[in-house]
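> Before we start, here is the structure in question, set down as structure tokens.
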Amino acid sequence: MLLYKNSRIVSHKFCNTLSKMENLCLVFLLIISIVFPVLGQGGLKTGFYSSSCPNAESIVKSTVQAEFNKDPTIAAGLLRLHFHDCFVQGCDGSVLISGSSAERNAVTNTGLRGFGVIDDAKSQLEASCPGVVSCADILALAARDAVDLVGGPSWGVPTGRRDGRNSSSSEAMNLPSPFDTIEVQRSKFAAKGLDDHDLVTLVGAHTIGQTDCRFFSYRLYNFTKTGNADPSIDQQFLTQLKTICPKDGDGSKKVDLDKDSQLNFDVSFFKNIRNGNGILESDQRLLGDSSTKDVVDKYAGSIRGLLGLRFNYNFKQAMIKMSSIEIKSGTQGEIRKVCSRFNYY
């Protein structure tokens, strides 16, 4: 553990002194991340199930792969499901509980997908290792596998989470929203121990996402109640969006958040934001704040290859950090037998 910590400290000091050698710095950090194991917070560690359920991760991966083969858009669904779980009461699988007053039925969780994938994996794991693998861990592993399947990075997921015993829709009302200003976004992320760099990096998950016309059509026709379009939208792109989402049209129509490569995990999302082609107001506003703009510009730069490498490295680090939010471990919580209900149900 001491060696791991020291290596990370040395690596970052090394990078700070090599502002003109960014390529070398990035490669060095990647080597460090591979050589030294990932240690999570609160008792989490990679390979937590190596003895108690050796096939746990492979079972989750094959389940995600099978669903992905039928519907590639499930990748974004699983990633969003994990994000929404972690931002409410921590990464404890509370979003998976069914019931009219449960978290998953909050308005802010409209459109969440992937529950069946998690249930399927859990069923197989219970048959193989009863009462061992938590639903919260299945969700964290599934999110990692989903990103990998669309060409994004893979990473060692620290596991050992336990499932929460509470799920309330009222608790989910403060989730990040597509209508949030930068200040509100920053506040919500900071409340979970995430900084501006984490914010922009994690929002980069929108490179594989979709949204509904209803969540941004006001930007096309009545921005700030003026009757005009959001001036930050590129005019050519505005015309395209109006064709896809006509005024008073079907608000539930799906639109890709990354207009160029919706099924590829890459940096084109950030280039879209830079060029005024962001779909959600919350995404486009990342360009209007000096701190978040700096991160967007770094990801959206013109140096081929390096940019995707940097984003991939930063994304997996941000995911490990996010997936450690307020986790339950040890004797806290429970290991559910069925992910959609508590054991005492």
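The backbone N, Cα and C atoms fix where each Cβ goes, and this holds for glycine too.
What TrEMBL records for H84 is active site, proton acceptor. The Ca(2+) 1 binding site annotation in TrEMBL covers D85, V88, G90, D92, S94, E103. For P176, the entry in TrEMBL reads substrate binding site. Annotated heme b binding site per TrEMBL: H206, in sequence order. Residues or ranges marked as Ca(2+) 2 binding site by TrEMBL: T207, D258, D266. Positions annotated as disulfide bond by TrEMBL: C53-C129, C86-C91, C135-C339, C213-C245. The domain 'Plant heme peroxidase family profile' annotation in TrEMBL covers 43-343. Residues or ranges marked as site 'Transition state stabilizer' by TrEMBL: R80.
Could you place the listed features in the three-dimensional structure?
Around the Cβ of H84 (active site, proton acceptor), 21 further Cβ atoms fall within 10 Å across all displayed protein chains.
Its Cβ taken as reference, D85 (Ca(2+) 1 binding site) is surrounded by 29 other Cβ atoms within 10 Å in the chains shown.
With a 10 A radius on its CB, P176 (substrate binding site) counts 20 other CB atoms from all the protein chains.
Cβ neighbour count for H206 (heme b binding site): 26 (other Cβ atoms within 10 Å of its Cβ, all protein chains included).
With a 10 A radius on its CB, T207 (Ca(2+) 2 binding site) counts 28 other CB atoms from all the protein chains.
All protein chains considered, the CB of C129 (disulfide bond) has 16 other CB atoms within 10 Å.
Proximity of C91 (disulfide bond) to non-local residues of its own chain (separation of 6 or more, Cβ distance below 8 Å) is seen for H82, D85, A136, L139, A140, R161, M322, S323, S324, I325, E326, I327, given in sequence order.
A sphere of 10 angstroms centred on the C-beta of C245 (disulfide bond) encloses 21 other C-beta atoms.
Listed in sequence order, L112, R113, G114, A205, G209 are the same-chain residues at least 6 apart in sequence whose CB falls under 8 Å from the CB of R80 (site 'Transition state stabilizer').
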> Let me know how many other Cβ atoms fall within 10 Å of the Cβ of D258 (Ca(2+) 2 binding site).
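A 10 Å sphere around the Cβ of D258 (Ca(2+) 2 binding site) contains 28 other Cβ atoms.
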> Mean pLDDT over the domain 'Plant heme peroxidase family profile' (43-343): what is the value?
94
> Based on Cβ atoms within 10 Å, give me the single least packed residue among the recorded positions C53, V88, C135, C339.
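Each of the recorded positions C53, V88, C135, C339 was scored; lowest Cβ tally within 10 Å is C53.
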> By Cβ count within 10 Å, point out the most packed of the disulfide-bonded residues listed: C86, C213.
C86
> Can you tell me how far the Cα of C213 (disulfide bond) sits from the Cα of H84 (active site, proton acceptor), in Å?
21
> Hey, how far is E103 (Ca(2+) 1 binding site) from D266 (Ca(2+) 2 binding site), Cα to Cα, in Å?
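Cα of E103 (Ca(2+) 1 binding site) to Cα of D266 (Ca(2+) 2 binding site) measures 31 Å after rounding.
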> Check the Cα-Cα distances from C53 (disulfide bond) to the recorded positions S94, C135, C339 and tell me which is shortest.
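For C53 (disulfide bond), the spatially nearest of the recorded positions is C135.
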